[in-house]
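Colleague: The compositional bias 'Basic and acidic residues' feature in Swiss-Prot is assigned to 1-11. The compositional bias 'Acidic residues' annotation in Swiss-Prot covers 33-48, 78-87. Annotated compositional bias 'Low complexity' per Swiss-Prot: 61-74, 493-506, in sequence order. The region 'Disordered' annotation in Swiss-Prot covers 1-20, 33-87, 100-132, 480-506. The repeat 'WD 1' feature in Swiss-Prot is assigned to 156-195. Among the features that Swiss-Prot reports, repeat 'WD 2' is placed at 200-239. Sequence annotations record features per position, and here Swiss-Prot assigns repeat 'WD 3' to 243-281. The feature repeat 'WD 4' is assigned by Swiss-Prot to 284-323. The annotation repeat 'WD 5' is assigned in Swiss-Prot to 326-365. The repeat 'WD 6' annotation in Swiss-Prot covers 410-449.
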């Protein structure tokens, strides 16, 4: 609340014989008390802070109250006696009452609640209008606040999320947890709805996948079991008890009949839903299987491992096809690009190795990538990949030639899993913070192909925030303001030209 603690008085006291300082202070206190009573709000400090000091209406023939109180130079001791002090008090009372009335009407329109105090706990910015603001920065902030959502809100669980998987046909995402449960959420831009929670395994559920028709869930666990569960009835359809001798780390669905599993000791097994036992198994590495992959023909099954090998199995012949030279780093993830002609593998040193399809003995190209380990990779288009890892950032890169396109999204902690929906427009990621975030990546459809000799700034590319990122580039934030300023300048220039032209016309 603003108070006037000291009044400036002229040197000649005869001009204000009828004015008592104590009386003026008393009247001001009465006015402020009336404003407090009229506000009818429990949060008086909030209202008065927003109301500020009363500003009387300016008249051409009178001196404003602010000038008469706080400005020494505006007082003329030789001026004629007037009722300026009395009029000052009257105008202050009128202005204070008017502001309090407008404040009361605004509270009534907003439900008599300050922003953010509603039942939902989130601020209501519907009454904000950027057209009413004169400050360009404030207008830009209001526009950003009122921007409609393009992706679902985040999902947060109490338990650690080990893996996520999108449903192939419906807007449903499955979340596997460290306690062995699977949570099914129906997602949407406005809200996410928990459909059901299924208790599947006794130990950590390490991987979850949907069958191609979306009717069943396949899960593998640290308890060495593989389970096939009906998504609607939550009933167990098939149990592969003790499917491996070691904890199972990864599984991959090949088609409606076949799926593969890999464990912590490097064993890979191929399964048929119609049989009880595995079709075949091979052990060619000594460390954890980190990912498995096939192309559309399903003739070759590729597996990366933590001991630095890329191993390829011939599914039809049920034997080893080829194994790469050993790398002094973990091979964590991979993806197929360029019309199934290129295989790209991400490593624990942040590198990206490229292989020509069918020639998996040694890479044909290497891109340094980022300095942090790459543990996850998702193909977005035939030429664009999203990679993530321990630094908490999801980055997009162009494949052949390699280019960093920018940051798609970010987490506060290392990212654990990554998946994209069937339409290719929505990317989901989970982190060690037990949260799942969604990123709309539809804008990648408009990205053109990059030429080998095209100039670029690698430093800026790594730090550039793409439209889906929660962080905004400073240049993007002020871009609209600069554009509006340029438009205003052009309009002024046009008006000046028109005026000059009219002056030249005789």
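Each residue, glycine too, has its Cβ placed from N, Cα and C.
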Colleague: What stretch of 156-195, 243-281, 284-323, 326-365 shows the most Cβ pairs under 8 Å to the repeat 'WD 6' (410-449)?
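Modeller: Stretch with the highest Cβ contact count: 156-195.
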Colleague: If you average per-residue pLDDT over the repeat 'WD 1' (156-195), what number do you get?
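Modeller: Reported value for the repeat 'WD 1' (156-195) is a mean pLDDT of 97.
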Colleague: Taking a Cβ cut-off under 8 Å, which residues six or more beyond the ends of the repeat 'WD 5' (326-365) line up next to it in the same chain?
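Modeller: Contacts of the repeat 'WD 5' (326-365) (Cβ under 8 Å, skipping residues fewer than 6 from its ends): 290-291, 293, 295-296, 302, 304-310, 312, 371-379, 382-383, 385, 387, 389, 397, 399-400, 402.
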Colleague: In the repeat 'WD 1' (156-195), how many residues does DSSP assign to helix, to strand and to coil?
Modeller: 0 helix, 22 strand, 18 coil
Colleague: Across the repeat 'WD 5' (326-365), what are the DSSP residue counts per state (helix, strand, coil)?
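Modeller: For the repeat 'WD 5' (326-365), the helix, strand and coil counts are 0 helix, 19 strand, 21 coil.
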